[in-house]
Amino acid sequence: MQTEDARYLKRKVKGGNIDVHPTEKALIVQYEVEATILGEMGDPMLGERKECQKIIRLKSLNANTDIASLARKVVEECKLIHPSKLAEVEQLLYYLQNRRHTPSGREKKEKKPSKPKDPPPFEGMEIDEVANINDIDDYVELLYEDIPEKVRGSALILQLARNPDNLEELLQNETALGALARVLREDWKQSVELATTIIYIFFCFSSFSQFHGLITHYKIGALCMNIIEHELKRYDLWQEELLKKKKAYLREDDSDNQNLKKEYEKAYKKYQGLVMKQEQLLRVALYLLLNLAEDTRTELKMRNKNIVHMLVKTLERDNFELLILVMSFLKKLSIFMENKNDMAEMDIIEKLAKLVPCEHEDLLNITLRLLLNLSFDTGLRNKMVQVGLLPKLTTLICNENHKQIAMCILYHISMDDRFKSMFAYTDCIPQLMKMLFECAEERMEAELISFCINLAANKRNAQLICEGNGLKMLMKRALKLKDPLLMKMIRNISQHDGPTKNLFIDYVGDLAAQISPDEEEEFVIECLGTLANLTIPDLDWELVLKEYNLVPYLKDRLKPGSAEDDLILEVVIMIGTVSMDDSCAAMLAKSGIIPALIELLNAEQEDDEFVCQIVYVFYQMVFHQATRDVIIKETQAPAYLIDLMHDKNAEIRKVCDNTLDIIAEYDEEWAKKIQSEKFRWHNSQWLEMVENRQMDEAEPFMYGDDGIEPFIHENDILERPDLFYSADGIIPSDGVISPEFFNDFHVQNGDMVGQHPFTSSAGVDGFGQTAAVPGRPATAYGYRPDEQFYYGYGSR
């Protein structure tokens, strides 16, 4: 189309939807502009349509504003809104007037920081001349002159590059870009201003992903890495020289001291000027590299060139804007294990600890976010505690801007049992309790309740939580909201012996009332777990079971597949706890729970947790006279226990041995079977060895001229015990010996064991406790609360 052919330009504006601004007190008006070029005859020759929006800010809008008057004024003054939409405008204004205040972008940046700010204008950019895109060739000519002209030319090109609209045109000018890359490569050591300005030009391109290929083409990224490395070495030299001059004037007498002091002060001022220019250069170069690191392949190349070491070294600076940029870069890199390991080698935690807390909110926020990434590593968590970050982070829980991140880091630290007790020496627990109780009538933040669950697993922390009305308030809230996570915290508190556990006596009825098919399963699991932890001698479990009719519920849940495995397991553990009481054990035995447990044992025989807890119930049952006969004479439980006596799981073996020892003491028939099985087992390895040696043709006469084949394959090997023992007088020559031989002294599971502990019903059980309070084996959920070892440093 020839220009003279276009006679008329027709512009048409069409109004669209009106909506409210998401954060500000403003209306957003959508409209469409259609521009058409008409020919001589009035027919359209070229047309373009563009969607636009206009924001109408309502600064005067407040609670007392007359909405009707304001709506009329908006419609009158904004031609894009048709008068017919007056009612809609009124409705939107009314919504804005009553909308709750949401934090603006500035207020939100502490919580979710945006990208670091663009580098500000600096010395070398600030020239009076205004650049023009049409004069780009003249600016390129300046790049072939001396350093001052090169600085001026690059500063003018930078003015153009800072306007994104010019980047496409600059991209087409290969001469200009090639000249800039050449000057940077050749002259960067001669002028910091020149290097900073040219890198800034390429930084403007790096802000847009589509231009990253251009920067890679000219190898600007690699050059920036070399420049940063060089500048960091220069910084170290400056510091050394400055330190020498300081030491010199401190050493000298008063006569020479004044001259040396003046010389030091002069050198210090020069040093400050050099550092300021250097930090401008570092900031622009690092920001360019951060933009390029969007591509993980490019990031890997940077890592191979030691970018992590450079960044960690830069943390020694005091420039807040530079530190924010460095932290952002480190945070991005820290998600990869190799980079995280490099940071650990450079003792990054010690450097970060100096910045917590810090006056600059943005810097503190990004530092905490980096610490959060690093806190997934156990070794670095240990380092955080060693450098004293625990109390510092605890104080930040009260700061609304940093509360969530600080709590996440503390949650990670609280996962290590060694550090749980340290929280008792800060004001962390009172603050957390206050937050818990200030939460509205809804489920609380996951970070808060998870942190509390971890802390409650420590005895001292649990005592602090229960101080005052702590437990009462927790129980009241958990029962009201039916919150399984809050109940899990209460369950952890209930694990600990001492005065804390006795506080739960008042809530046994409330907890038992929750054990019902109608309640949410997760909540019931935690309630059952809490009750199962209450191994209190004075607690009348028989009354609890009868009053809340729990026996039918417990029996029904023992059926395989009747509920989730977690719930069934808690039911088994609960039965083990209540079976400590004679009358409860008898009541459960009469209800038919033992056959149900045997059926469950068959179904879950591959699950060590189930097996261990079911065997523990049998242990409790045989412990009481009232139920011992039922177990021994009316069920096949002893036979199952004999089968499990040599299980691979040490905990199962221990419970089985203790249970079988009681059975052997009170029933002679089973005692013989048990002892025979032990006798057979303890010699099975020797038998296996004998068979293996017989099969070895290389040593046919190891046992003398008499072969052993007849004894192994034709007769019962147990009839020839002289094969198994040396002729040292331990066994009579006729081989007569009974399994009772092993009662007084035998090897059990690789340990030398004396007589079994159950010499009488009032003895000490296999868990090192008195028979009156039998111990419960540890569960996968946590630890056995009455085992003192677990309270020690480095438990679990």
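Here the Cβ of each residue, glycine as well, is placed from N, Cα and C on the backbone.
Keep in mind it's a predicted model, so treat the numbers as computed, not measured.
Taken verbatim from TrEMBL:
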- 250-281: coiled coil (COILED)
- 104-120: compositional bias 'Basic and acidic residues' (COMPBIAS)
- 100-124: region 'Disordered' (REGION)
- 592-636: repeat 'ARM' (REPEAT)
- So what's near the repeat 'ARM' (592-636) in sequence-distant terms, Cβ-Cβ under 8 Å and 6+ beyond its ends? 551, 554-555, 558-561, 565, 568-569, 572-573, 575-576, 579-580, 582-583, 585-586, 644, 647, 649, 651-652, 655-656, 658-659, 662-663, 666-667, 670, 771, 774, 776-777, 779-780
- Note on the structure: The correct DSSP tally for the repeat 'ARM' (592-636) reads 37 helix, 0 strand, 8 coil
- Stretch-averaged pLDDT - the coiled coil (250-281): 82
